[in-house]
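A quick write-up on the structure given underneath.
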Amino acid sequence: MEPGTNSFQVEFPDFSSTILQKLNQQRQQGQLCDVSIVVQGHIFQAHKAVLAASSPYFCDQVLLKNSRRIVLPDVMNPRVFENILLFSYTGRLVMPAPEIVSYLTAASFLQMWHVVDKCTEVLEGNPTVLCQKLNHGSDHQSPSSSNYNGLVESFELGSGGHTDFPKAQELRDGENEEESTKDELSSQVTEHEYLPSNSSTEHDRLSTEMASQDGEEGTNDSTEFHYTRPLYSKPSIMAHRRWIHVKPERLEQAWDGMDVHAAYDEHQVTESVNTMQTDHSAQPSGAEEEFQIVEKKVEVEFDEQAEGSSYDEQVDFYGSSMEEFSGEKLGGNLIGHKQEAALAAGYSENIEMAMGIKEEASHLGFSATDKLYPCQCGKSFTHKSQRDRHMSMHLGLRPYGCSVCGKKFKMKHHLVGHMKIHTGIKPYECNICAKRFMWRDSFHRHVTSCTKSYEAAKAEQNTTEAN
């Protein structure tokens with residue numbers, strides 16, 4: 001008789017979920033917990049086995065270090081971590097739309113890649129969520145940031161005015177408090193979903209408040225013009241033009257004419273339109289006229305650049321594209337970038353003069369080199385655009401793909417260097433021995449050694465001829 005012939009196999013499909021549910025109840029009641037996680041002073045009790053099974057980060061902490069107390073960085077939001085901890089026990093994760101990037105960052109730190117994949121899918125399917133997150137600041141910006149208290153306050157106040165996050169110890173009184181916490185989170189998500197058509201007035205009020213807190217537009221502009229920054233450009237190795245916000249009436253000016261006189265006439269038309277739209281619009285000052293002239297110059301310059309290079313052009317991997325990273329080209333590009341930065345600085349100064357905006361950082365005594373735009377990973381940036389590019393690294397976007405092998409890259413120059421492998425082009429040639437090289441660093445090393453050998457041989461030949 002074969003072993004196991006008379007055995008019976010019985011399965012309980014919901015047994016694992018029931019065990020996790022009971023473990024979660026024990027966690028909330030503070031029973032049999034063997035590890036404490038500290039997030040910004042908030043202490044969360046949990047079980048090592050559950051944490052190690054759900055997160056490789058916690059697995060390393062409890063197995064390799066045998067830690068009973070784990071302190072997470074202050075950049076992590078306690079509310080976000082509590083929901084992720086609850087997810088480890090229940091398998092359900094409720095993510096408010098404005099905080100998806102916060103969940104993505106926290107899951108990346110905890111190495112919970114299944115959560116990272118889900119957050120990435122949500123962001124790819126709803127790009128407006130990331131635009132709102134990047135435009136209105138992260139949840140952990142310092143008070144020195146111009147976007148501080150923007151989205152966080154509106155989110156917390158919208159949930160009923162509960163601005164203080166409850167301590168973890170206060171959530172251990174039983175299953176009833178767990179249900180109340182779920183109801184509170186559900187109400188927060190419900191209030192920040194897309195509003196129905198019959199509540200358009202409330203939606204407009206929230207949009208106006210969020211736009212006014214951004215600090216980049218005046219009072220009238222924040223209520224009349226709403227724009228979003230392009231999130232993702234089509235994969236291409238062509239140099240795309242920079243994104244510049246041009247208001248509707250000024251875009252019409254760029255189409256009608258490019259000379260200063262036409263700009264002045266259309267400015268008068270714009271003035272009359274603004275007067276009809278609102279009774280509180282101010283009369284244009286000399287600074288505003290100067291601002292429009294500078295803006296016109298910027299538009300003309302970008303139009304000229306667009307005429308010089310089209311998106312439909314094919315990249316020459318055999319010639320100029322390889323030389324654009326040489327020392328001469330690099331120096332020219334740096335000078336050009338400095339000139340563009342100076343022009344952009346003058347552009348911003350005219351905006352502030354026309355709209356009467358004063359930077360809050362000047363009152364706090366910050367200099368121009370202060371990094372006012374922090375990321376949740378701990379890094380800070382001087383300009384908002386730099387933080388936006390940094391966020392794309394967290395998302396793992398690789399917009400530049402190789403048409404031959406399909407490999408994708410985060411930077412354009414990485415793709416250009418990769419194409420040398422497929423084309424076999426060796427653009428660097430030694431003037432002494434005519435040997436060619438594919439990579440510039442190898443070429444420079446060879447030139448150094450080859451020059452020394454050539455000079456030594458030439459000196460020896462001169463000595464022989466002299467004798």
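Glycine is no exception: its Cβ is also placed from the backbone N, Cα and C atoms.
Swiss-Prot assigns the feature zinc finger to one of the listed ranges (106-128, 336-358, 428-450), namely 428-450. Within the set 239-261, 285-307, 308-330, 400-422, the record from Swiss-Prot flags 400-422 under the feature zinc finger. Swiss-Prot assigns the feature zinc finger to residues 373-394, out of the candidate ranges 21-42, 65-86, 373-394. Broken down with DSSP, the zinc finger (428-450) shows 11 helix, 4 strand, 8 coil. With DSSP classes pooled into helix, strand and coil, the tally for the zinc finger (373-394) is 11 helix, 4 strand, 7 coil.
The two recorded residues, Thr423 (phosphothreonine) and Lys458 (SUMO2 cross-link), have Cα atoms 37 Å apart. Thr423 (phosphothreonine) counts 13 other C-beta atoms within 10 Å of its own C-beta, drawing on all protein chains shown.
Taking all protein chains in view, 10 other C-beta atoms sit within 10 angstroms of the C-beta of Lys458 (SUMO2 cross-link).
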